[in-house]
Amino acid sequence: MKTLLLTLVVVTIMCLDLGYTLTCYKGRDRSSETCRSEQELCCTKTWCDQWCQDRGPRLEMGCTATCPRRMPGLDFTCCTTDNCNPVPT
């Protein structure tokens, strides 16, 4: 009886969708954020402003549901694994 109960518990756990959540870097300090269930991508957005020559490109990082389309002056990089969006070099 105990074996049957244990088997049922193991099968139940294996069949459940345990709700994997993605984590993405959210800033230059490499802190991570847990993405909402509908956000299945990590994204890094870079662009230049008037101080780009002195300070380097501006940067936004985090979770997203879709990878934005490329636009003039903006660069997007998207990926699908935990913390796969490091600060560009």
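Cβ coordinates are placed from backbone N, Cα and C, and glycine is handled just like the others.
Because the structure is a prediction, the values reported are computed rather than measured.
For C42 (disulfide bond), the Cβ neighbour count at a 10 Å cut-off comes to 28, with all displayed protein chains included. Taken from Swiss-Prot, the feature disulfide bond covers C24-C42 (among others), and the record attributes it to similarity to another entry.
The DSSP secondary structure for C35 (disulfide bond) is coil. Within the same chain, the residues at least 6 positions away from C35 (disulfide bond) whose Cβ sits under 8 Å from its Cβ are T21, L22, T23, C24, C42, C63, listed in sequence order. Per Swiss-Prot, disulfide bond is recorded for C35-C63 (among others).
Just so you know, the Cβ of C48 (disulfide bond) picks up 14 other Cβ atoms within 10 Å once every protein chain is counted. Under the three-state DSSP scheme, C48 (disulfide bond) falls in the coil class. As annotated by Swiss-Prot, disulfide bond applies to C48-C52 (among others), with the evidence given as similarity to another entry.
Every protein chain considered, the tally of other Cβ atoms within 10 Å of the Cβ of C78 (disulfide bond) stands at 17. Residues or ranges marked as disulfide bond in Swiss-Prot (evidence: similarity to another entry): C67-C78 (among others).
In sequence order, L41, C42, N85 are the residues of the chain that are 6 or more apart from C79 (disulfide bond) and have a CB within less than 8 Å of its CB. The disulfide bond annotation in Swiss-Prot covers C79-C84 (among others) and is backed by similarity to another entry.
Marked as signal peptide by Swiss-Prot on the basis of experimental evidence: 1-21.
Here the disulfide-bonded residues are C24, C52, C63, C67, C84, and the one ringed by the most other CB atoms within 10 angstroms is C24. For the disulfide-bonded residues C48, C52, C84, a Cα-Cα cutoff of 10 angstroms around C78 (disulfide bond) retains C84.
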